[in-house]
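Visitor: Take a look at the following structure, please.
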């Protein structure tokens, strides 16, 4: 099975993310003990309406971080006891949230106002500690390996859905080696080509988080609940679905506007 075959690579990917966290926390603790860490600013610096709208550019990135739930059904189908899926999801959310929050905390503690959109880019300078260059290399290599190992988990549902969209009447993709290889090569080439033209990972997360991530995480599930083909949704669930769609569209519009405005100002600034 697909999910089962990726369990070891996924475990190593999580371990590498923890390595990133441990090294970052260790550097922050070392500098904190030595008194070389300055107190970071705890609240955003909102001085104008522009800086206020810029706060919303972080929302799509947060949404993107928690949008991998489209793999839940695939994993549930491959569990010996499908009732354990709730505990699996809860454990995954708790682990991911903990890693995200702690990396953000220690990263901001280390770099303060100099923290870049991609905190990984901060680990390209002298950290002011012994073996700084070695630790920088370890962090960057571990994160690169983490992305490589996470990619197959995300790529599998993309390839399956694109195949069903383009070839709805064809036989199963796993039984057609030629179609499998051609589709895989085409998608990977498109992904790498797109990655080469994206100016910043922050910009990519902003727009994907404000569009596709919002649709996958909020609008589509709410629309399915409203459609209710099996007549099992309660009135409360339908009201919540309408509210979710309204909130998603509103936040999506604000995020896209703020992202586009911030990107335009960045290009026009001397």
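Including glycine, each Cβ sits where the backbone N, Cα and C put it.
This is the feature table in TrEMBL:
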- 5-258: domain 'Amino acid transporter transmembrane' (DOMAIN)
- 12-33: transmembrane segment (TRANSMEM)
- 53-72: transmembrane segment (TRANSMEM)
- 93-112: transmembrane segment (TRANSMEM)
- 141-159: transmembrane segment (TRANSMEM)
- 180-198: transmembrane segment (TRANSMEM)
- 204-227: transmembrane segment (TRANSMEM)
- 239-264: transmembrane segment (TRANSMEM)
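Help me see these features in their spatial surroundings.
Guide: Long-range contacts of the transmembrane segment (12-33) within the same chain: residues 95, 99, 102-103, 106-107, 109-110, 127-129, 135, 138-139, 142-143, 145-146, 149-150, each at least 6 residues beyond the stretch ends and with a Cβ under 8 Å from a Cβ of the stretch.
Within the chain carrying the transmembrane segment (180-198), a Cβ under 8 angstroms from the stretch's Cβ atoms is held by residues 155, 158-159, 162-163, 166, 173-174, 204, all 6 or more beyond its ends.
Outside the transmembrane segment (204-227), and at least 6 residues removed from its termini, the chain residues within Cβ reach (under 8 Å) are 57, 59-64, 66-67, 69-70, 198, 233, 237-238, 240-242, 244-245, 247-249, 251-252, 255-256, 259.
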